[in-house]
């Protein structure tokens, strides 16, 4: 079996299956007197694989070799494999250089070349080249000029075939009226070349002119002669070719047939020998006719006689290839099999080779054999799986599909096989993970981090040490109660528990508050088993939802669902808790109700247990929807009261104790399993804690109460202890090194303060110390995001401005990044004023962002509260503020502020009632279909939900991973900062698959604005080309077509523009030809993807394009 692996930019490569066959020799004519002249130096007037093969054969025979090359081929292997190499066709286009007969002859004569081998393609079937060699006294390794002329001229070859006797030929003609006489379909063919070039099928009269032009242009470019002939097109034939050899003594032999019926665009994709299920009598006729034809013209050298066999078993002569063929190696391999030689690989590709768009993109040919076709195919499949070709797309996935097709393996195929089996094009994506990761690392080394960095700080060079983890399964935890008794039984067990239960926020809210939500799954996974073994009596671990969902995709380039799945496997015994934004799920906007329900269902299936449901305005309709969705999914519903104000201050009555109790009544009545007080700004003081929690405990003696706070003012530990004394069952903490300031109170402090009391947590302080030590070092990896870079302490002014913990950190970063660090006090004061302008809101995502946006707007425009109120009807407010006033996130307690709202909105529409209630249901099947069309069939239900929540973020995440691979496998320092030169490290792709990588060097900037970055991967040299984004800003490049913009038409492959068929302003129909590209000596018509008007054209004739370069824009 022979395989040619090539780049996808050309026609698909060649695969052929070979079994051993016998050699037959015809009766030879009487020998002629021949002059013997030894050949000492051979030139190959060709390039690539065929040139290398000839050089190797000559070297074995002790013959010196000469290569010729075009200006575009200076780096190609064939010129390095010859003893001498000379430039030809200087200043000519790439193909024309190899067609420059005078220059080739000149080089041959100047360098004492005895013989020229033409290879295949280019000049191999040009009689004028063979004659030029003879005239120059240089031997042409091939048939005589006269035979080349006769056989190279397809029309004359037909006449000779007829004279040879008993050879049927298809009707052929140059006459314009041919189609009128014989009807359609017809086929144009190049009269002086093959290989599928200059060949077009015409099925109806309207296609005639366009296909003629394409065939003529293609033949002219490929063979230097655009002459065509036309013949009747035989539908569904088998394509059989017979290999012949002739010597100068008149001996003609055949080496039996090859079946090349599997074709695409008239180029051979698969060849098999002997032909499967070929009638023996037909085989005898084919081989006999081939020998007779060769004898008729006195054929010398290697050649191929080609036939079509129709469904009735009749065979028709079509042409003679009077040269070596690409697939000639198959015949060589048959002889090698017979003689017992090892089957070779033939390759012209090498690491760093440039696959030019100007020539055939053949990379390598591999031969396999077996006792039958399935056995040979199995060997080839194994060989294909072992290939590692990086930097270019190849046809390997397609060939693997062919090899696995039952019709190919066990049936008879014809030339329509590929067209009728479109499933062959359902290509399994190649993972190529290692090369993609090298590309990412190189990108970071050249351009810096891919995620925005708030401050100029480097990740720590010290990796955290994972605390010792005992062998065996972790101890039983509260999750077993939940799995055994369900949400209701779980809630009862929590309420009946003696002592204070803790929820650890280290895996989510703590790093959201301190490290801008940037902690990666990699570092969470490292310590998760330690938590499972040593903190099994935690109420839960908060590790998902809220901002972590979109940040995972947007900034960390990892899948949030994968995080949940992997942590669930590592931490099986402790319940997981997530933050659900009521009707907003994990987004910042309204979703159809069924989207919220489906999200909770998928989250529960992936290991989520407890859903903390809140609404940023405590708007009951939004809260109820989230509770229903979590409950319907089978999760524990923990309804939240978002806390603001101060219930212990009689002067602050908007959010009074009575308000919170009435809200709690509604939540308990709605069926919550656990009641949560969500103090997102850390406003609970010990006294207010006792008042609120005490009142709730009195009102709901059997309801578990869970309290969440932040430690911004520094009173978090005292407040949580007061809550415990007042009857709270659970409080939120973070491990010590991730606690304090805008994060949660210290776990160690709570554990120590309750030790020996009725609130004893049952957690070992020693374990807390080890846990904290891990995070203290791990936190150093996130130095560019650490709030301590700009904020050195908490601040009790939070009791006045009421800024939530996570937002406090973000505002601090933003102020410093905008050069307003010295005005942060002013920002906080404006936040207070903005809150009053909006009516004193509950402030938690997204309402907190609305207040923050208005505050920054006021600071940037130097506006006071009074000025904003006065000029509300003329100011251009942030969109979030306008949408809030329209009612897009619900109705705030006490209603909207008037007349401020009316002045801002004027006549703008308003949303009445629950915002999401009027949204149509989301069609998940249609969304999944769309995602599969865009990203392939590996789309999961989790992917569908990610796209439903964040369509644009998910699209960008998939594009990133397609380009850079699974970057979540990298450790955090590598992810953020890349490796240092000479640094060695390991990357575990999956269990049992580890990459050993060493960063070697960073290259200089090239003309394309790229730098080559060198690595050693598993002991082998690898390099990647990385665009230098800074340098490219100063360089001009052709714009790329954006895939998500329908009217932007991009180049389907690299190549040159032959013709632009439309003009700016022209109206075009869908499917109408727009331009013609030439690549790999094949021409491709680019058709319009839609009907519309051509707005702008970015190319002209002779423009050289790369893949996806923008050709033109169309508006509908």
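Including glycine, each Cβ sits where the backbone N, Cα and C put it.
For residue 708 (Mn(2+) binding site), the same-chain residues 6+ apart in sequence whose C-beta sits under 8 angstroms from its C-beta are 503, 505, 509, 612, 640, 676, 677, 678, 679, 680, 731, 732, 744. Taken from TrEMBL, the feature Mn(2+) binding site covers 509, 678, 708, 710.
Taken from TrEMBL, the feature substrate binding site covers 581, 845. Residue 845 (substrate binding site): 19 other CB atoms within 10 A of its CB, across all protein chains.
Residues or ranges marked as domain 'Biotin carboxylation' in TrEMBL: 38-423. The predicted model assigns the domain 'Biotin carboxylation' (38-423) a mean pLDDT of 84.
As annotated by TrEMBL, domain 'ATP-grasp' applies to 145-352.
Summarising the annotation, TrEMBL assigns domain 'Pyruvate carboxyltransferase' to 500-769.
Positions annotated as domain 'Lipoyl-binding' by TrEMBL: 1046-1115.
Sequence annotations record features per position, and here TrEMBL assigns N6-carboxylysine to 678.
The annotation N6-biotinyllysine is assigned in TrEMBL to 1081.
The CA atom of residue 581 (substrate binding site) is located 18 Å away from the CA atom of residue 710 (Mn(2+) binding site). Residue 710 (Mn(2+) binding site) is surrounded by 31 other CB atoms, counting those within 10 A of its CB over all protein chains shown. Cβ contacts within 10 Å of residue 678 (Mn(2+) binding site), excluding its own Cβ and spanning all protein chains shown: 25. One way to see the shell of the Mn(2+) site is to take the Cβ centroid of 509, 678, 708, 710; the remaining same-chain residues with a Cβ within 8 Å of it are 505, 679, 680, 709, 732, 744, 805. Residue 845 (substrate binding site) and residue 710 (Mn(2+) binding site) are 15 Å apart (CA-CA, integer value).
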